[in-house]
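Just below is one structure, and these are the notes that go with it.
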Amino acid sequence: MMWEILLYMYILYSPDWHYPRTMPIFLFLYCVIFAIVHSVVRFGIGFKVHYIILCLLCSPRMYKYYIYTDYVSAKRLGKLYVVTLLLGGLCWICDHVFCKQISSWPINPQGHALWHLFMGFNSYFANTFLMFCRAQQLAWSPKVVHVMGVLPYVKIEK
């Protein structure tokens with residue numbers, strides 16, 4: 001999760017970074033140090049709070065890209081990113097808060113498993129949206145197309 005969110009930060013903020021070679025090095029070292037410290041200390045809730053803070057740092061820039069694109073399919077990817085993030089978060093919170101009550105139900109909705117499912121789609125939609133934005137920045141004429149009419153991906157025509 002950390003590698004992914006730091007990749008988002010790189011894609012979102014690298015065009016305006018004054019020293020382009022330092023950003024990937026800084027993000028790589030940040031993630032390596034965080035991984036080492038986390039493997040020793042086991043942050044638990046601190047890890048989740050840290051991840052949420054990094055997501056919130058990415059949100060304004062993603063919104064900026066969302067506003068500036070006129071491509072409807074790319075905007076749909078941005079909306080799917082937000083919807084899956086909210087649904088995944090809601091499933092995780094409900095499962096965490098109401099775990100004992102839900103466990104006694106005849107059918108367990110498996111909120112934690114749903115969180116993983118929604119966050120998997122969330123990662124895919126975020127990556128696809130950011131690929132589109134990066135290709136637009138580089139003037140590569142990106143288009144969002146769908147595999148079998150369902151799964152979106154970015155097609156680039158340089």
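Backbone N, Cα and C define each Cβ position, glycine as well.
Unlike curated entries, TrEMBL annotations are predicted automatically.
What TrEMBL says about this protein:
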type: TRANSMEM; residues: 25-45; note: transmembrane segment
type: TRANSMEM; residues: 80-98; note: transmembrane segment
type: BINDING; residues: His112, His116; note: Zn(2+) binding site
type: TRANSMEM; residues: 113-133; note: transmembrane segment
Can you give me the same-chain residues 6 or more apart in sequence from His112 (Zn(2+) binding site) with a CB-CB distance under 8 Å? Cys91, Trp92, Asp95
Give me the long-range Cβ neighbours of His116 (Zn(2+) binding site): same chain, 6+ apart, Cβ under 8 Å, in sequence order. Gly88
Within-chain partners of the transmembrane segment (25-45) [C-beta distance under 8 Å, separation at least 6 from its ends]: 2-3, 6, 9-10
